[in-house]
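Residues or ranges marked as region 'Disordered' by TrEMBL: 35-71. Annotation comment: TrEMBL describes 49-71 as compositional bias 'Polar residues'. Annotation source TrEMBL lists domain 'Kinetochore protein Sos7 coiled-coil' at 86-160. As annotated by TrEMBL, coiled coil applies to 215-280.
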Amino acid sequence: MASTDYAATLVALRDQQRLQQLSILTLAEPILSSNFQNSNNNHNEDTSKPSTRPSDVSSTTTHYSSDLDSHLTPSSLAADLTHYKDLFSKLRFSYLEQVTKEKYLRSIVGDPPLVVSHDDNLALEQRLVGMKADVKRRKEEVEALVVEIEGRAREVAARYQSVVDGALVLETVPGEVEALSLEIEELKRVIREKKGGDDADRVSDGGDVRMNLSLEKTAAALEEQRARNREVDAQVEELQRRLPAKVREVEKVDRELVELEKRRNEATRLAREVRRRKEEGGRDELDELGRWYHGSDVVLRGLLGVEA
């Protein structure tokens, strides 16, 4: 249904363009017709195809319009305008020269000859001053009108270009959409073949709910995920700031642990040595040292008269 609407819209647009062509394109046809005919002649000489059939008139017209569109640029139009202004100035000068000569000759050879007095010249000069002022005023009006027409023409050109771009989209997008739809169906078929059975049905029905979300919900979910990512990034930055202090603390604990390991190893060595001596049946040096300290204590207390 959508493709039918696209096609109907495109046909209606083409009919509207054919029935109501822009006047600027019609005015430009005489300017570019000679170049277009020369290009057609060169093209016909280079190709070996027969002459254009009546059924090819529409395509030829379309190609002609596109050729005009390709040649109608602001720079080319400005160059043509300058050229024709120069030609008009030369033609006006030639016309005035010829008319002046003709009137002069008629005044001389006329019967009776036309004699212009000084008063007549003064009256004509005064009239000429008024006419020049009127011409200047009209020129200013024309210049203002030209500026307005240029602005309107640029606006119309922008709208026309948007219409042309829209028509191009109408021509290309439906085919691309159809091709993408076929590609999606082909991918679904490949997935069903790979998964098979219930798994394929689950995939085709949308096992992952996120794959069936609308654009708005997808954008909201994406924004939520980005917010979570920002929170995680903030936590990571906080942990990275705390990392040097934790590393120093771990190094301190490692040094203390090494010291404790040394003490433990020393105590273990002494305990093993004591056990070995006891197993060998000898007296322990610590026991002997304890007995010596105890005897010394008893003797000193007796000498000092201190009771235990």
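Residue 1 is the first one shown; counting continues down the chain.
Cβ atoms are placed via backbone N, Cα and C, with glycine included.
Each residue of the domain 'Kinetochore protein Sos7 coiled-coil' (86-160) gets a DSSP state, and the totals for helix, strand and coil are 67 helix, 0 strand, 8 coil. Per-residue pLDDT, averaged across the coiled coil (215-280), gives 88.
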